[in-house]
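Straight from Swiss-Prot, the features:
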DOMAIN    325-550  domain 'Nidogen G2 beta-barrel'
DOMAIN    545-583  domain 'EGF-like 2'
DOMAIN    788-829  domain 'EGF-like 4'
DOMAIN    955-996  domain 'EGF-like 7'
DOMAIN    997-1037  domain 'EGF-like 8'
CARBOHYD  ASN231  N-linked glycosylation site
CARBOHYD  ASN423  N-linked glycosylation site
CARBOHYD  ASN480  N-linked glycosylation site
CARBOHYD  ASN633  N-linked glycosylation site
CARBOHYD  ASN801  N-linked glycosylation site
CARBOHYD  ASN1032  N-linked glycosylation site
REGION    645-691  region 'Disordered'
REPEAT    1084-1126  repeat 'LDL-receptor class B 1'
REPEAT    1127-1170  repeat 'LDL-receptor class B 2'
REPEAT    1171-1216  repeat 'LDL-receptor class B 3'
REPEAT    1257-1282  repeat 'LDL-receptor class B 4'
SIGNAL    1-22  signal peptide
Amino acid sequence: MPTFGSKLLACLLLSSVILVSGQFEHYLDSLRASELYEFEDGSLGSIHLLPKGDSETIVLQLEQPIHFYGEQYEQLYINTNGILTFNSEFPEYLNQPFPLEYASIAAFYSNVDTSFSDEGTSISLFESKEQSILDRASSLVRYAFSSQSEFEARQVIVATWRNVGYFDSKTDRLNTFQVALIANEQSTFVQFIYPDGGLNWLQGETAGLGLPDIRAQAGFVAEDGRFYTLNGSGSENARFLSESTNLGVPGVWLFEVAPIENEQNVRSPDNAESLTESPALALSCQAHAHQCHEKAECHDKAEGYCCVCGSGFYGNGKSCLANDQPIRVTGTLTGELNKQPVSEEAKLQSYVVTSEGRTYTTINPLTPELGAQLRLVLPLLTTVPWLFAKSVGGVANGYQLTGGVYTHVSRLQFDSGENLHVNQTFEGLNYWDQLSVKIEIYGEVPAVAADAVLILPDYVEEYTFERPGELKSVQVLNINITEEQRVLGLQVEQRILYRSCLRDDEADPSATKVLQKISKVALDYVERDQALRIGAMSKVGVTPESNACNDGTADCVENSVCVPYEDTYRCDCYHGFAAQLDERGVEVCLDIDECATGSHVCDENAVCDNTEGGFNCYCTEGFEGNGYRCLSNSTADNIEYPPAVEGQAEPTSEPSPNPSPYPDQGQDQEREREDDQYPQPNPYPYPEEQIPQHPDECYRCSKDADCYQGRCTCHEGFDGDGYTCTNICGHGEVWENGRCEPLLLERHDVDPLCDALGECRCPYGYELSEDSQRCTYVQEFDGERNADLIPCDVDENCHINATCNWYGQELRHICTCQPGFRGDGYNCDPISDDSCAIRPDICDVHADCVYEEHLGKSECQCQAGYTGNGFNCQLAAECQSAEHCGENAFCDDGVCRCQADFERDVSDRCVPAGRCGSVFCGSNAICKWDSAEGVQYCDCLDGYQGDALTGCTSKPLSCHVLNNCGIHATCEPTEDPANYECQCIAGFKGDGYVCIEEQNCLNNPTLCDMNAQCRSTNSGLVCVCNQGFFGNGSLCQERQHQDSDFLIVSQGVMIARVPLNGRNVRPISVAQMAIGLDKDCVEGRVYWGDISTKKIVSTKYDGTDLRPFITTDIESPEGIAIDVISRRLYWADSAKDTIEVASLDDPSLRAVIINKQLVNPRGIAVDPYREKLFWSDWDRESPKIEMSNLDGTGRELLLGKDDVTLPNSLVVLENSGEVCYADAGTKKVECIEPQNRQIRTISNELSYPFGITFTHDQFYWTDWTTKKVEIVDSLGARQTPIQPPFFGSHKMYGMTVVEQHCPQYQSPCQISNGGCTDSRLCLVNRQAPSGKSCKCTSASTGCTVLAPGY
């Protein structure tokens, strides 16, 4: 990296070759062009100093107007952040490239912060008419511009930023720079001065939040949008503004900025004698070292120079990136695919994990048709992986060759005849260090379905250097489409063009070939997100047989072995070693001290001696044996030992110089490793005479042997005579399934993650110890899944009830379920616990859940000012002495009171009476008078927001200016078009800064029952039960065959089943006074309301399995209607005058939806297809039929007293949506179409119709006078009525029909109560943004119940 001294030397050398005539050399010296203008004490006018801070501004009212471009200005603002603006205040730093929205002059526009600077730091502005300054400025202009030989300056305005730091309050590096406006009545010139050594930082620090700051920008912006920037502006080369020049003096720049014609821009000096560069140094490091990246070195060559990235960085020298740092790629798409234009709204976003060569790319928004076909545009998949491929053997990847600036041209030819051209232009890093690309697509690809799964197997592509700066590749590929049982064959031709720079010591790469491996390819279109998601891993420099363990890319520590694993590798510690983190946080393999940990198997009469990677056992004095079994000497003397086997150590009682009891074991292992076949252990390898003759001789067996009937036999995986057993497998291996297999990395305890309450949790696969201090490994972790997913710290792919946390022992971010939930972090299920940390609702509303360390759990504790056990808290005395009451107050019998002439304000403080009402207004707020209420109040000033009592703060800039939305979010206008806010894109939820992927059945198939499928609907992705099953999708039950084609009729005290042919009528249940009823065709049950017992009950169609449904807070349920799709039961209570609803699956979830302007509600009907509810009201003065949405909103009058008299029961015709009703006053059965309000009469001149239903194109109704079930077809022709026997009273009330057809549709409320909380009931409302509303239930206490109806 070039040092300050080398830079200074380069500058001196550069200045030495500037050839100017003696006349002009003397002239430049006399002009003191590189010296800062200073305000001298006693000078005319005054100097303005900016306050310390990071967004300050002051205004200078100009004595003489100044011209800039084609405009004239009288005010000039100076801003902390290195910029001057005309007539407009511009205090905030905007992280966006030029042009800005203001007419401005930027000397060094950057995130300046002087909040904690010392006295040596200042930002000043002064206007001078001192003759010495005017003469100096005039001479400079006359010298630089040949047309200004008569120029005389009338004023010089100077702004200086001296020793300023950068955001956030950093002062370790300081910048100094100046801008001078030199003007007369018509012309204006701007001089920038950057002193030698004055530029030491380029951008502020954002602490990883949002986009990084753009590097300093220098230039001009006109009011009409024209702009001009200096060389290096907004890039790393901005640091050379103090060394470059357009005038001949390093660090000094001069421009003419007025007058400028409409089609022109600012002008640079034109004096030909000002600078002449030496041809010898035109292409040398002395002249152009600053063209290299700051982390690169410049190398001269015979002709020209090359830039080479330094250690720890990679690139082409002009652009260098830090090793292993993730990078983002952003791009746009244009063109035409399959004769359809590619949406220019579609944006490409890639996230590259460079340390792994893994790329994740998203393109959205895309229509399903376009997204499905774009999956076949393979260059979208392969180009970014080529750039950032993992290098093998030092082979350069794409970024090392190009620095991110190149052209990629592709042609795809499909076997089916289609041709496609793709041109990609990579423009290098943008202002925010994101790689920018423009993509053009023209041609056709084969048609594939959006839901078809495309499989592209791993493949190796070959690139050939045609010449330096040009690569070519031709590859034949096959894409498998399993659902369609077809294979798409295609040929991909690629050509890459870039500017190459070969050092003299580098060979010409022409005709050489490089192999790149593409693996783990994903080609998915997600319709919910309107997004194409593609991903891949890539390595460059591979061979067809290479893997990470043999190509040199693996990096394993000592005492570990490299094991190829899928497309990467893992490092497993040798047996006897365990993985631990050293003081640097690096995982190393350290010896396990089995003797200290107690994991050895030595005899209790033996001494354990730890060794590197193992341990030895030695019998203590007075005992003999192999250390794993030791007997006293007296016992051992009576035992006959078999002859010693060669290589077997004699039993000892003291450690020998070579303490290993198996001296040949290492040699045996070496021989065994050389064998191609693993030897199979022989359980009886030795002659019969070696079998022990005494049962106690089993103690002589090896620790790796068992004793069978007095015979020592080595364990599986060991070889020997039973007395000495050697391990067949080497270090890091284990005998399994008849061969040696690599030993997986041992799992060790990890630290738990604990919250502020002390509640701790463990990652998936670990269990919290009883003392909550450690997480112990209990089951295998699905590492493969983690490897295939985008890291959770990148894509926020954890479950909604999980967080993404770093676990140092695992060296990765892991999704961890939150307290109260259990799972792998991608799926978290609630667990039951009596702790308030799990169930905070058990605490009193005036209590907090606090973790008590001595109890080891959380408990409820009353808040300050309350007493009790935490479950029940009562108000405590407010005070016991004046000390408890604060300033200007005293304690009066347990109550704090204000002193005389003081009164309480809204923040409960005692303040002097008067002022603004009874309070003092905070900063940036004023006192206003509300004439309507007759009171004073504090309000924030315009441009400020917040609490006017405690102080108002300036309104922050919105995201369309700051560009600070998070990943998976966009900046969208609010209802006020002037304001913007960050909003998560479809499929994600959050505050727009952190967006978490919503859990759905596509990314979590376990949400669906095994008898359900994940379907895309207008409501999003939902689980839908398969044909023949019913349920909410997460639980599906097989539909039982139900009897059909019969009526169920209420006779008051009896419920009767009436076949449509009128025969075999039979009672199915007894009631006291059942009026309205309806059926649930899904479960084969009939529900009715009993106005005498004040209940709603149900039975099966045959009368069995009687169950209560609603038994409390119900008076007179005269009408019953069931929505079988959303699983809701509605009823009309004529005593309470309400319309209510409850969940069929959980009747405790019930709500009142209408309770206003009802007199005598009777009949009720639901249309689940069109999502409408209808009811009749027997109000004698104003009878009516009304309708509403299913949640009670949108209430409308359908029919009034002019159309109905005594409307009883209602029925909705499924096909047409008509509402039909029986009117005992008009003695008609009529129907009305709710949309156009057209009425048609089905039958008239009736007696007293009450209940009504419809099936098989026929209407059925009960008649109180004829005491029959009357029938008429849809054309109005009367049919033979049914005369059922009467089992109860002689009146028939409500009725319903059981048909074979039972609807099976989706509803937003089907699954998990539609996502509503336990205190709310989900009800369908398509007019709501989510397609549903969450109604407060009748039993909820912490839910604000809005007045239903109107």
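Just so it is clear, glycine is given a Cβ too, placed from its N, Cα and C backbone atoms.
The shown structure was predicted, so the numbers you read here are calculated from the model rather than taken from an experiment.
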Legend entry - ASN480 (N-linked glycosylation site) and ASN633 (N-linked glycosylation site), distance between Cα atoms, whole Å: 74
Legend entry - Whole-number Å value for how far ASN1032 (N-linked glycosylation site) lies from ASN801 (N-linked glycosylation site) (Cα to Cα): 22
Inset, instruction - Six or more residues out from either end of the repeat 'LDL-receptor class B 4' (1257-1282), which same-chain residues have a Cβ under 8 Å from its Cβ atoms? - result: 1047, 1049, 1058, 1062, 1209, 1220, 1222, 1224, 1229, 1241-1243, 1246-1251, 1290-1295, 1297
Legend entry - Assigned conformation of ASN633 (N-linked glycosylation site) - DSSP reduced to three states: helix
Inset, instruction - May I ask for the residues of the chain that lie six or more residues beyond the repeat 'LDL-receptor class B 1' (1084-1126) and have a Cβ under 8 Å from a Cβ within it? - result: 1040, 1042-1043, 1048, 1050, 1055, 1057, 1067-1069, 1071-1078, 1132-1136, 1142, 1144, 1147, 1150, 1161-1166, 1168-1169, 1173, 1175-1176, 1190, 1209-1210, 1294, 1296, 1298, 1302-1303, 1305-1307, 1309-1310, 1322-1324, 1338
Legend entry - Folded-back contacts onto the repeat 'LDL-receptor class B 2' (1127-1170), same chain, C-beta under 8 angstroms, at least six residues removed: 1032, 1076, 1078, 1080, 1082, 1087, 1089, 1096, 1109-1110, 1114-1121, 1176-1182, 1188, 1190-1192, 1195, 1207-1212, 1214, 1217, 1219, 1221-1222, 1234, 1303, 1305, 1307, 1309-1310, 1313, 1321, 1323, 1335-1339, 1347-1350
Legend entry - Composition by DSSP (helix, strand, coil) of residues within the domain 'EGF-like 7' (955-996): 4 helix, 15 strand, 23 coil
Legend entry - For ASN423 (N-linked glycosylation site), the one of ASN231, ASN480, ASN1032 that lies nearest, given that the glycosylation sites are compared by Cα: ASN480
Inset, instruction - Give, as a single whole number between 0 and 100, the mean pLDDT over the repeat 'LDL-receptor class B 4' (1257-1282). - result: 89
Legend entry - Number of other Cβ atoms within 10 Å of the Cβ of ASN633 (N-linked glycosylation site) across all protein chains: 12
Legend entry - ASN231, ASN801 as glycosylation sites, winner by CB count within 10 A: ASN801
Legend entry - Winner by Cβ contact number (other Cβ atoms within 10 Å) across the glycosylation sites ASN423, ASN480, ASN1032: ASN1032
Legend entry - DSSP-derived structure type at ASN480 (N-linked glycosylation site), helix or strand or else coil: strand
Legend entry - Residue counts (helix, strand, coil, in that order) that DSSP gives for the domain 'EGF-like 8' (997-1037): 3 helix, 18 strand, 20 coil
Inset, instruction - Mind tallying the repeat 'LDL-receptor class B 1' (1084-1126) by DSSP state, helix then strand then coil? - result: 0 helix, 23 strand, 20 coil
Legend entry - ASN423 (N-linked glycosylation site): secondary structure state under DSSP, collapsed to three categories: strand
Legend entry - DSSP helix/strand/coil residue counts for the repeat 'LDL-receptor class B 4' (1257-1282): 0 helix, 16 strand, 10 coil
